[in-house]
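Record features, source TrEMBL:
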{"type": "ACT_SITE", "residues": "488", "note": "active site, proton acceptor"}
{"type": "ACT_SITE", "residues": "714", "note": "active site, proton acceptor"}
{"type": "BINDING", "residues": "586, 763", "note": "substrate binding site"}
{"type": "DOMAIN", "residues": "693-818", "note": "domain 'Alanine racemase C-terminal'"}
{"type": "MOD_RES", "residues": "488", "note": "N6-(pyridoxal phosphate)lysine"}
């Protein structure tokens, strides 16, 4: 369902400045999440100097967004062709619009709140009910004042059931979420100490959470968690617990190896339920789901079958293989004493008697008096027989005595950086390690510890030259053509993060990386540009969604894998890029598969095409211009068929660096700038005045004077015939200096002269002949390629291409970035 801008203005009570009529389909609070700019409405949220959505309006505007909800005092004069909706509070306007949207649909909606388990219960309900209903639900943990309205906005006419979670951390927050969700079924998950600090006491927190359910048809809860006097009056309940008054009375739990048998009474009948989990949190969550399905009149035998198929939710505790035969359990998702106990249960269960270490930070979401809190922490450590505790933070450090008394070994650090400075002395070996840290402590740095290697060979990256090359290519483009910059393969060896920052500064439209982890690194470094990922794997789908990365889809198998994942996550219209194989015969859909793909995309709602593209096989070679034309014809056919089926616009791009110069008719909506950005002109017949971005340099380690008959290097491949002076330089094939440069094939540059390689290139060093070069001394700088020896020349010596030379520079080679 879409809304006209006039309707929007009326719904949110805005003072509207409407310059052109349009309809709104998408709500945005983040400029990185643009799906269709023309039908998007951007809410400028926040008033903090560094976190103010109004600061991002220029970026949003440049991406094509023309509809903005802003505060009354915002100056809209720089944007004369945009629509502005001025309100007192953009966040309230977002909630009002979502609430109105919710009211347009008459469907059952499950609203979920509680201290722990909201997301798990939501996802398990989806797994259990997906066969019976077309379900819309909160993506991941979208349960905040912003996340809830963005989730509810996804309700469409075809949905038959909604499942939304709501989280609060302060009084007077739930009323707004109740108006947005308007639940007909309410679920309260387990109540604990998480986010207690915002409330006077536990009773106040419970009362605030119960406000979500004041108008529901049925309220589902555990009687063991909730005092009877707190239950909302005049609300029908479906309760479970040990109380005889519970509608589903729990008689007993029978814990077995990998499952739990629950004995219960329902409607006067004694029954059993088999749950494929043994931890208390999972059992609690399954029983809550069980009651919900009973209320929805799902057959009990069917419920039993479906519960056996429940999958763990991986956005909580992550278990991964670690260094030195260790296992890492990363549970930094929540930070309260209740979830700490649950995590310790899981650690103990997984370790099965093996050595355990807990790395834990200060608890920031407890609300419990500090002394009592850390006494409880110590008690839990002792109960679970943890061998070693590494505690990080100011507060926990004040209770060293209690912690140390609870474990065999205890260590304390003021912050994560201090621990990382000394992590190597702990000799982690064949143990189970639990990471339990508040987000401010950045425990992801601990989870990804890497050894920093020092090397005297450096790759100088001239960022000024990079910017010059970008400008050079932009001058060749039509005014409306966008630019996608390739920063894959560690930015062609130059360092993707630093290169991406320059590209972002100069307003490049898109970035492209090879793998998901490259895109994640860019996001963590603050890169906000849209990022296309060219090779995705199923194991990285979570990170891809979390960090707002846009995948390339090149096959039906990959489409179905991603569709299944997005469906399970409750995500719709996820941005994707379609690759068509027009003759490269590497990756991509065949041109004749456009109809089948288009029908899949239009039948499902999980993806939205941002672009269609192809890869030219030989754009730089005039001998293959006819083949390039054939590729373009196939590209036009595929993209035209797909667009006719989808009936919406997407970007088209086929031109690479060489095609920008040699095939200007192929620029279309966007071009992909790769090797040319780094100073390599693949269209050699045109002088573009590109500047080399990367210069590989090393130093002389030692100088030797040889006599006739002396040999150099392995296998004595070089035997000198006359007195010869050689230098050993600190670079070898492990650094990216190819062994193909051995025995005089390759040269380096020293003090104004070229010096040939003598003997075989070794792993970490190479010998060169400097007999003809005056005034050479140990420690002198040596250029491998740069201003005096081009990377193209080195590639020619190696019988390869510049791409291989640049991307082959080892990451142990230190990158030094220059701005002139």
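Backbone N, Cα and C atoms are what each Cβ position is placed from, and that goes for glycine too.
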Whole-number Å value for how far residue 488 (active site, proton acceptor) lies from residue 586 (substrate binding site) (Cα to Cα): 17
Secondary structure of residue 763 (substrate binding site) (DSSP, helix/strand/coil): coil
Residues that sit under 8 angstroms from residue 488 (active site, proton acceptor) by C-beta distance, when 6+ apart in the chain: 496, 512, 513, 514, 515, 518, 534
DSSP residue counts for the domain 'Alanine racemase C-terminal' (693-818), split into helix, strand and coil: 19 helix, 46 strand, 61 coil
Residue 714 (active site, proton acceptor) versus residue 763 (substrate binding site) - Cα distance in angstrom: 11
Number of Cβ atoms other than its own within 10 Å, given for residue 714 (active site, proton acceptor): 11
Residue 586 (substrate binding site): secondary structure state under DSSP, collapsed to three categories: coil
DSSP-derived class (H/G/I helix, E/B strand, else coil) of residue 488 (active site, proton acceptor): helix
Mean of pLDDT values spanning the domain 'Alanine racemase C-terminal' (693-818): 93
